[in-house]
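S.K.: In case it's useful when we look at the structure, here is the feature table from Swiss-Prot:
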ACT_SITE  Asp287  active site, proton acceptor
BINDING   Leu129, Ala130, Ser131, Ala132, Ser133, Ile134, Ser135, Gln136, Val137, Lys152  ATP binding site
DOMAIN    123-501  domain 'Protein kinase'
TRANSMEM  498-518  transmembrane segment
TRANSMEM  520-540  transmembrane segment
Amino acid sequence: MTVKSIKRAYQVIRTTLHYGLDDLIPSKVTPWYFKLLRGSLFWLRNKHKDKVGGERLKLAMQELGPVYIKFGQMLSTRRDLLSDEWAEELAMLQDRVPPFDSAIARESIEQELNAPIETYFDDFEDTPLASASISQVHTATLKSNGAKVVLKVLRPDVEQKVHADIQLMSQAANFLESLLGANNRLRPAEVVEDYRTTIEGELNLKLEALNAIKLRNNFLDSNALYIPYMYEELCFTRLIVMERIDGVPVSDKAALEAQGTNLKLLAERGVELFFTQVFRDNFFHADMHPGNIFVSREHPNDPFYIGLDCGIMGTLTDEDKRYLAENFLAFFNRDYRRIAQLYIESGWVSADTDISAFEQAVKVVCEPMFNKPLDEISFGHVLLELFRTARRFDMVVQPQLVLLEKTLLYIEGLGRQLYPQLDLWQTAKPFLEDWMAEQVGPKAMAGKIKQQLPYWADQLPELPELIYDNLKMGRNLAKTHNKLLDRYLKHQQKAHKSNYLLITSAILVICGTILLNQDATLWASYGSIGTGLILWVLGWRSRPKNRKF
């Protein structure tokens, strides 16, 4: 370890102890050496005993800086792991940091462009438009066509800082997991590994640009979502250049009402957008918090969303999509047995799970939800409660489903903030039913056959030869089978003969011994014993050798 990493490790330990986070570890799993070490750091006392655990964790992460703040934000979406109180505390974390020097920003941009800024841009604004833990945004005008653009550049040395903090997190998570045991519900090492994957993706701005281009192409003809244009030739690992947009923040409901936005239509389009991204395109924006979503200023009666920051995207397998759609339909049909079957069939929980116990657990959680009107039932809450229940049955964490759940909760919260009477089920049900019909109906079968036709057309000329080879192999197998069967029958015949001789010899020897003890005729007794011994020798010698068939 370097001196810098040792200092950072001490800073993390000091902050952890100052906020009493060690008190959150159950004492029954705390080993003696941990207690001894804690006692030796007597000057690092809990200075926030008056605060509850969730608030102390939030404040500690706020103090530890951007990487921990983003980790806390991610944890706030893992309501399958945390209580609602803790999740709400962590959701208050704000990813706001002071901007770094504009001279450093210029230097970083020019290093990526391999040219002075003035070669490509006019009116570069040194004062950043926005600043966050990973990157900073500046505005400019594109010299080639006069288009207004924004430049997003990574903070200096952010990669090294992130990797160092993630390494410390991973070590702490492994230690915590060793205390809690392999069967603990929290699985800290798994959570940190998920976070590592997410944040390392955000450190590659080129990947964000490619994600944005793909999402934009998926909605080119849409009246519901607009993704700003990416100038791909000016996009690199540490810098991206995109079209500058003008919109109303989706969280500013007063401004939306002031411009006469159709909030009911906007809320319904948000739900449709989610299901379209997930089920039609299998490529969904997984970071749709209000800071990344704007609403168009033009055509307020026919509003559309503007999506930013495509650094975190999600995809599902075809099986995941089908199981997910069936889960929702089974829930609203109150078919809890089917929900339990789906979790087992999908492999999300083990095949040896007690399906009746799982069904009952699902029913206990889901049935009370139907005490409220359908338009008040939250899809995200349903998914969350199902995941929480499945975790009790050792559900294997599915990172793609965690992203989906987080996105769904964002979309629902957003939709009901815009239009509290939003009926998610009525909006989503036709979409889900149509999608299921397309996947499992005659149309789906015809589509799969059509998709496979080129392959079978290519294989058709070889089909007669393959049939002949298989028939020949079948004949050979039949011959081999007959030979083995014949050998087996002969082996069994020998075994029966040997067993018969051995049993007969034993009977004769026993009878001869009895006659001898009863003073019977000597020749009869000795003759019986002698014959028995001869038969025993013959039986022993005729035993078949052990064979493997």
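Cβ from N, Cα, C; glycine included.
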S.K.: Neighbour count, 10 Å Cβ-Cβ cut-off, for Ser135 (ATP binding site): what number do you get?
M.R.: 23
S.K.: If you count CB neighbours within 10 Å, which one among the binding-site residues Ser131, Ser133 has the smallest count?
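M.R.: It is Ser131 that, of the binding-site residues Ser131, Ser133, has the fewest other Cβ atoms within 10 Å.
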S.K.: In whole Å, note down how far the CA of Ser131 (ATP binding site) lies from the CA of the residue listed as 'active site, proton acceptor'.
M.R.: 17
S.K.: Using the structure shown, find which entry in Leu129, Val137 (the binding-site residues) has the sparsest Cβ neighbourhood within 10 Å.
M.R.: Leu129
S.K.: Around the ATP site recorded as Leu129, Ala130, Ser131, Ala132, Ser133, Ile134, Ser135, Gln136, Val137, Lys152, what other same-chain residues have a C-beta within 8 angstroms of the site's C-beta center?
M.R.: Pro99, Pro128, Val153, Arg155
S.K.: How many neighbouring Cβ atoms, not counting its own, are there within 10 Å of the Cβ of the residue listed as 'active site, proton acceptor'?
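M.R.: Taking all protein chains shown, the residue listed as 'active site, proton acceptor' has 22 Cβ neighbours within 10 Å.
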